[in-house]
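K.L.:
One structure is given below, represented as C-alpha cells, and several questions about it will come after.
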Amino acid sequence: MSWDQVWIDVNVATMDTNIQGAYGVIPQAAIAVKDGKIAWVGPRSELPEFDVLATPVYRGKGGWITPGLIDAHTHLVFAGNRANEFEQRLQGATYAEIARAGGGIISTVNACRDADEAELFELGRQRLNALAREGVTTVEIKSGYGLNTETELKLLRVARELGEHHHIDVSTTFLGAHAIPPEYKDNADAYIDLVVNDMLPAVIAENLADAVDVFCENIAFNLEQTERVLTAAKQAGLQIKLHAEQLTNMGGSALAAKLGAKSVDHIEFLDEAGIKAISESGTCATLLPGAFYFLRETQLPPIDLLRQYKVPMVIASDFNPGSSPICSTLLMLNMACTLFRLTPEEALQGVTINAAKALGIDNNVGSITVGKQADFCLWDITTPAQLAYAYGVNLCKTVVKNGQVVALPN
C-alpha cells in the first residue's frame, strides 16, 4: 500500500456511529492517510503492509486520537469588550438599564462599525489560535454585530479571510437579524426589509455566507419576521439555522423544523412539541453551556426529552463579548456534563460528529472514517472521558489537518 503517513501505537475514538461501542473506539489501532483523507483505520494487527522506508510513521505512545474538534456556534469576529457591563451587572444593574445607557449588543455594534478589517482580522486570528491549541479544526463564525449592510459585509469578509489564512476551516453564517439597531428601534419590519432586500443579496453576491441565522425571541424578531429571512435564505440555496427558545418558548424551533433548518441553538425553553418537530426534520439541537453559565441562567435545556426523541445534541462555545466571552471549546465539554448532565461521550459527540451535522459537513468531517478529511488530534489521555473531566492543562499533543501535521500557535 502507498500512503502519505501512518499512525500507530494509538487508541482511536472514531466517533463513527457505525462502529459499535462507546465513542466508536478502536483500541490498539492504526490510521493511514492519503491525499488529505483517511485511507484506512482499524486494529494495528490488521494494518496492510506498506513501504515503511518511504512512509512517515508517527507513534502515539499509547495516546488517544479523536476527530478534530468543531465549534459550531461562535460570534468570534468582533471588536471591543463588555467587561464594564459585567461589573455593572454584578453590582445590580439590569440588562435593560445597561442597554438604555448605550451598552449591551449596541456597544459591540458601535465598536465593530468603527473597527477596520485589519483590526478585526487580528483579533479573530488570536481567537482562532486559542481554539487551535485545544484541537479545534473547524469553526463556525457568525456576523451580527454590524446591523447595517456595510458592517455585516465587513464582518463576513473578515471571517472568510480568516478561513483562507488559518489552518482551521471556517464556516460563515450571516446573522444580520441579530438585534434591532437603534435607527430601526420602532420599526423592526423595516429592518427586516433591509436584511432581506439589501443585506442578503449583497452577502450572496460576494459569496460570504454558508448559512443564515436569526435571533427569534421576544426581545428581537418574531416568527413572521424570522420566517421571511429564513425563507429568502433557503430560496437562495443557503443553509438555515436559528437562535430559538433561549428566553421564552415562541415556537421558533417548530418553524425551524418546518423550513428544514440544520440546527436550533440555545433552546433552554424548548418544549416537547418543538422537540418532536426537530426530531422529525433531522434538525440538531445546539446547546450553549457557556452562555448558560455566564448569564447565571436556571432554566435547563430539556436533555432527557432530546435523548428520548434521539435529537443530535451539539455543544458549542457561543463565544461572544456579551453572554459567553469564553474562547474554549474544551471547557464547553466540562460545562455540558456538569451543568447540563450530558455524558462525556455525548459531549464529545457534540463537538465532533453532531457539530458536523449542524454545519452540514458531516459527509466530510466529524468522525474518523475512511474517505473523510484527515482532521484529527492526538491527546495525552488514558480515556476519552478525560477531555470532559479535567480542564486547565492542555492535553492536545498533535493536530493533523487535511492530512498535514500542523504547528500549533503559541
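Placement of Cβ uses the backbone N, Cα and C atoms for every residue, glycine included.
Grabbed the feature section from Swiss-Prot, which reads as follows:
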BINDING   His73, His75, His243, Asp318  Fe(3+) binding site
BINDING   His73, His75, His243, Asp318  Zn(2+) binding site
BINDING   Arg82, Tyr145, His178, Gln246, Ser323  4-imidazolone-5-propanoate binding site
BINDING   Tyr145, Asn320, Gly322  N-formimidoyl-L-glutamate binding site
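Buried or exposed, and what's around them? Tell me for each listed feature.
P.N.:
His75 (Fe(3+) binding site) falls outside any helix or strand according to DSSP and counts as coil.
Around His73 (Fe(3+) binding site), the same-chain residues at least 6 positions away in sequence with a Cβ under 8 Å from its Cβ are Glu140, Lys142, Ser263, Asp265, Thr286, Leu288, Val314, Ala316, Ser317, Asp318, Ala358.
In this structure, His178 (4-imidazolone-5-propanoate binding site) belongs to neither helix nor strand by DSSP; it is coil.
Listed in sequence order, Arg82, Glu85, Gly104, Ile105, Thr108 are the same-chain residues at least 6 apart in sequence whose CB falls under 8 Å from the CB of Gly322 (N-formimidoyl-L-glutamate binding site). Secondary structure at Gly322 (N-formimidoyl-L-glutamate binding site), taken from DSSP and collapsed to helix, strand or coil, is coil.
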K.L.:
Based on Cα coordinates, which of the following binding-site residues are within 10 Å of His243 (Fe(3+) binding site): Tyr145, Asn320, Ser323?
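P.N.:
The binding-site residues passing the 10 Å Cα test: none.
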K.L.:
Return the member of His75, His178, Gln246 nearest to Asn320 (N-formimidoyl-L-glutamate binding site) in space, with distance defined Cα to Cα and candidates limited to these binding-site residues.
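P.N.:
When the Cα distances are compared, His75 comes out closest.
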K.L.:
Using the alpha carbons only, what distance in Å do you get between His75 (Fe(3+) binding site) and Ser323 (4-imidazolone-5-propanoate binding site) once rounded?
P.N.:
11
K.L.:
Give the residue from the binding-site residues His75, Arg82, His243 that has the most other Cβ atoms within 10 Å of its Cβ, counting over every protein chain displayed.
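P.N.:
The residue with the densest Cβ neighbourhood is His243.
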K.L.:
Neighbours of the Fe(3+) site His73, His75, His243, Asp318: Cβ within 8 Å of the Cβ centroid, same chain, sequence order.
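P.N.:
After dropping the recorded site residues, what remains is Thr74, Lys142, Asp265, His266, Leu288, Ala291, Ala316, Phe319, Asn320, Ser324.
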K.L.:
Please identify, from the binding-site residues Gln246, Ser323, the residue with the sparsest Cβ neighbourhood, meaning fewest other Cβ atoms within 10 angstroms.
P.N.:
Ser323
K.L.:
In three-state terms from DSSP, label His243 (Fe(3+) binding site) for me.
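P.N.:
His243 (Fe(3+) binding site) sits in a strand per DSSP.
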